[in-house]
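Asker: Dropping the structure in here first, questions after.
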Amino acid sequence: MKRIAILTSGGDAPGMNAATRAVVRKAIYEGLEVYGINYGFLGLVNGDIRKLELGSVGDLLHRGGTFLYSARYPEFATEEGQLKGIEQLKKHQIDGLVVIGGDGSYHGAEALTKRGFPTIGIPGTIDNDISGTDFTIGFDTALNTVLDALDKIRDTATSHERTFIIEVMGRDAGDIALWSGLAGGAEAIIVPEESFNMDDVVDRLNKGRERGKKHSIIVVAEGVMSGNEFAKQLAEYGDYHARVTVLGHVQRGGSPTAFDRVLASRLGARSVELLLEKRGGLAVGIRENRIVENDISEILKEKHTLDQKLFDLASILSI
C-alpha cells in the first residue's frame with residue numbers, strides 16, 4: 001500500500017479535523033502518500049481529490065467542523081455512484097480509504113468494501129448512535145455545549161421561577177438528551193428510546209412544587225417531538241407555561257474537547273495501521289478505553305441502544 005485517501009461525510013462533528021490530522025500524519029510517518037477528498041462521497045465521484053502534506057493539517061487539532069468539507073450524496077447508494085467512486089480511486093492510484101462519519105457514511109464504506117476496495121470507518125457524529133463504540137467523535141463536545149446552555153438557562157429559570165424546555169439533537173438516539181440532562185440535573189428527560197406519559201411528567205413537576213421547587217428544566221430530544229409541541233402539550237395537562245430553547249446546529253460547532261481530540265487521534269492512527277495490515281472493511285471504536293475494530297457490516301446490523309441504567313439513574317436523581 002502506497003497511497004491512501006480520507007473523506008468526511010454527513011453531518012459535521014467536532015473532532016473530525018483532529019481525526020483527519022491523525023490519519024495524515026500517521027500515514028506520512030509510515031511512508032504513505034495521503035490524499036484528501038473534498039465534500040465526502042460527492043467529491044469522490046467528482047474527483048475532487050488533493051494531495052495532503054504534513055503542513056496541510058497544521059493548526060487543525062482545535063478547529064471544529066471539517067476542513068475537507070462535507071455533503072450528503074444519497075446517489076452513492078446506487079451501483080453507478082459506487083463504480084464512479086472506485087474509478088476515481090483507481091485513477092488517482094489510491095490503495096485504501098478512511099471514511100469519517102455516521103451511519104450513512106458507514107453504508108458508503110461498506111459498499112466500497114463489498115466491491116473489493118479496502119475501507120476503514122471512523123465514527124464521527126454528535127449523536128453517539130453508532131454501535132461498536134462507547135463514544136463517537138464529537139459527542140463529548142456537543143454534550144458540553146448543551147450542558148453549558150443548560151446551566152445558563154437554569155440561572156434564568158431560577159430567577160423567574162419558570163419551567164424551561166430545551167430541545168436538543170437526536171432524531172433516533174437520545175444520548176445527548178440523556179447525558180446532558182443527567183449532568184445538568186434536568187427534572188425530566190425525554191428520549192426516542194423510552195416512551196413517556198405527560199401525566200407522569202406533570203406529576204413529577206407537581207411533586208417538585210410541593211417541596212418548594214419553583215423552577216424546572218426538561219430536556220427533549222428532537223426525535224420525540226419539537227420543544228414547542230412538548231410545551232403545548234404540557235400546558236394542556238397542567239399550569240406549566242414553559243419557555244422553549246431550541247439549541248439546533250450550535251451543538252455541531254465549536255472547538256473539540258480534550259476527550260474528542262484524543263479519541264479522534266487514537267482512532268485516526270489505528271485506521272492507518274489497519275490499512276497497512278491489509279484489513280479493510282472494519283470500523284474502529286473505543287470500548288472501556290481500548291481501541292477496538294469490528295466488521296463494518298456487523299456494526300450496521302446492530303442497533304445502538306440507550307444506556308438503561310444511566311436513564312434510570314437520571315430519573316432517580318432528578319426527584
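Cβ atoms are placed via backbone N, Cα and C, with glycine included.
According to Swiss-Prot, the protein carries these features:
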type: BINDING; residues: GLY11, ARG72, TYR73, GLY102, ASP103, GLY104, SER105; note: ATP binding site
type: BINDING; residues: ARG21, ALA22, VAL23, VAL24, ARG25, ARG154, GLY185, ALA186, GLU187, ARG211, LYS213, LYS214, HIS215; note: ADP binding site
type: BINDING; residues: ASP103; note: Mg(2+) binding site
type: BINDING; residues: THR125, ILE126, ASP127, ARG162, MET169, GLY170, ARG171, GLU222, ARG243, HIS249, VAL250, GLN251, ARG252; note: substrate binding site
type: ACT_SITE; residues: ASP127; note: active site, proton acceptor
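Situate these features within the shown structure.
Answerer: The Cβ of TYR73 (ATP binding site) has 21 other Cβ atoms within 10 Å, all protein chains considered. When secondary structure is read from DSSP and collapsed to three states, TYR73 (ATP binding site) falls in the coil class.
Within the same chain, residues at least 6 positions away in sequence whose Cβ sits under 8 Å from that of VAL23 (ADP binding site) are ILE4, ILE6, VAL34, VAL98, GLY268, ALA269, SER271, VAL272.
Annotation for ASP103 (ATP binding site): spatial neighbours GLY10, THR125, ASP129, ILE130, LEU300, criterion Cβ-Cβ under 8 Å with sequence separation of six or more.
Annotation note: ASP127 (substrate binding site) sits in a coil segment as assigned by DSSP.
Residues near ASP127 (substrate binding site) in space but far in sequence (CB under 8 A, at least 6 apart, same chain), listed by position: GLY102, THR136, PHE139, MET169, GLY170, ARG171, ASP172, ALA173, ASP175, ILE176.
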Asker: Whole-number Å distance between the CA of ARG72 (ATP binding site) and the CA of LYS213 (ADP binding site)?
Answerer: 46
Asker: Which residues, sitting 6 or more apart from VAL250 (substrate binding site) on the same chain, put a CB under 8 Å from its CB?
Answerer: THR145, ALA149
Asker: Using a Cβ-Cβ cut-off under 8 angstroms and a sequence gap of six or more, which residues of the chain neighbour GLY104 (ATP binding site)?
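Answerer: The list for GLY104 (ATP binding site) reads SER9, GLY10, ARG72, given in order along the sequence.
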